[in-house]
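Beneath this line is the structure, given in structure tokens, with notes to follow.
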Amino acid sequence: MGTSSLSLHHPPPLLLLLRLLLLLPFVTTQTILNITNRCPYTVWPAALPVGGGMRLDSGKTWTLQVPSDTRGGSVWARTGCSFDGKGSGSCQTGDCEGLLACKIDGQPPYTSAEFSLNQYNNNSFFGISLDQGFNVPMEFLPMPVKGQGGSGCRKGPHCGANITSQCPSELKAPGGCNSACTVFQEQNNGMYCCYESQCEPNKYSAFFVRMCPEAISYSSDASTDTSFSCPFDTDYQVIFCPPATIFTSKSS
């Protein structure tokens, strides 16, 4: 009876191990995201869902650690900003309700780096979007894998053209270039905003494609030229104002 009583009060070793594992802190892997400002002026990058935002002077880098299962992440530059000591103010482009540390998406126009990490087949997907217009040239690249001599995933989108200076007059905005959806969203039955699952390219999206063929130019743009992926353990860098390469056609 004594031995039987003891066995009822002591859980089996496997059950005890599982209980101990539940007491351990949950650890998630992190993806490094370096955000570098090579513009000759200050920008105020914003990042969601983690990071918020900060001031970034020319030549400086902001390093973020992003959970490696993040979906729907984005980084963009704000320009023409002024904030007080409490982090309240405004920006000419990319403003997010007047906050230094953004909690929501910015107001167009702005160039956006977008990513979803460790998704289908353990790959991460990333790209540059002009769906919200354009304000700052951008490059979004995987960083070399440590210990592999820089081998591995290397390809990422580049949008180095100065779109603002060549923006169609009807899309021009202070400090940037609006998308056609922003300007004409209530007209033409939403043809510029892709309210349905698919929509066709138009003369305005064609302009953005010509200037930055590796960037997504409208909501349902699924071109292979704008889709990039890397293994889930890849780190990344977003560069504002990279060395400019002005694309004039898809073949250039």
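Backbone N, Cα and C atoms are what each Cβ position is placed from, and that goes for glycine too.
Taken from TrEMBL, the feature disulfide bond applies to CYS39-CYS241, CYS81-CYS91, CYS96-CYS102, CYS159-CYS212, CYS167-CYS177, CYS181-CYS193, CYS194-CYS199. What TrEMBL records for 1-29 is signal peptide.
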DSSP three-state assignment (helix, strand or coil) for CYS102 (disulfide bond): coil
Spatial separation of CYS194 (disulfide bond) from CYS212 (disulfide bond) - C-alpha basis, Å: 20
Residue pair CYS194 (disulfide bond), CYS102 (disulfide bond) - Cα distance, angstrom, rounded: 26
In sequence order, the disulfide-bonded residues (CYS81, CYS91, CYS96, CYS159, CYS193, CYS241) whose C-alpha falls within 10 A of CYS177 (disulfide bond): none
Distance from CYS181 (disulfide bond) back to CYS39 (disulfide bond), taken between C-alpha atoms, in Å: 27
Three-state secondary structure, CYS159 (disulfide bond) (per DSSP): strand
Whole-number Å value for how far CYS181 (disulfide bond) lies from CYS167 (disulfide bond) (Cα to Cα): 15
Surrounding CB atoms that lie within 10 Å of the CB of CYS181 (disulfide bond), all protein chains: 22
